[in-house]
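The annotation domain 'P-type ATPase C-terminal' is assigned in TrEMBL to 87-191. The annotation transmembrane segment is assigned in TrEMBL to 119-138, 150-171.
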Amino acid sequence: GLVIDGQTLNIVFQGGLEEKFLALTKHCRAVLCCRATPLQKSMVVKLIRRQLKVMTLSIGDGANDVSMIQAADVGIGISGQEGMQAVMASDFAISRFKHLKKLLLVHGHWCYARLAKMVIYFFYKNVSYVNLLFWYQFFCGFSGSTMIDYWQMVFFNLFFTSVPPLLFGVLDKDVSAETLLGLPELYKNGQ
């Protein structure tokens, strides 16, 4: 890990040492910026994201972290004594830092698996519906007649577009939360 303060970041950004800073960060699993201005924090995130082409995650608990949270791919706000500005600007909100592990390992895994299945489901739903209409045009001699009544089409899309996401969101848990917390390496399998 790398811990860097605001004065050192000033030297890095004003002295043109971004390349050397990036070379150092490539060898680190985490970079912590302490006593840095909000602008410096967001500049670090943008630099890492732009130059290294990696996914970034920023965690903040106050108004001074808003620009950093917004610059990252995923922003997490911690609600606390400093107010709700970080939470309002973030993608995810947690009440304490200790909940980060469960957010990433459990809910992150479930969300990734659910989204992957839903993309396949929506592709299948739309392909089957368009395929049905395509072959019907051969049957009716390309006359342009409608096969399905307008209200049936509306209810078809309403039912098959709204019900499965609700069911997947509530019921689909491929691995239990205890297993995911006990075996963090399962998170990499989804990727």
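Every residue gets a Cβ built from N, Cα and C, even glycine.
All annotation found in TrEMBL is predicted automatically rather than curated by experts.
These figures come from a predicted structure and were not determined experimentally.
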Distal contacts, the transmembrane segment (119-138) - CB-CB under 8 A, six or more residues away: 147-148, 156, 160-161, 164, 168
Tally of residues which DSSP labels helix, strand or coil - the domain 'P-type ATPase C-terminal' (87-191): 79 helix, 3 strand, 23 coil
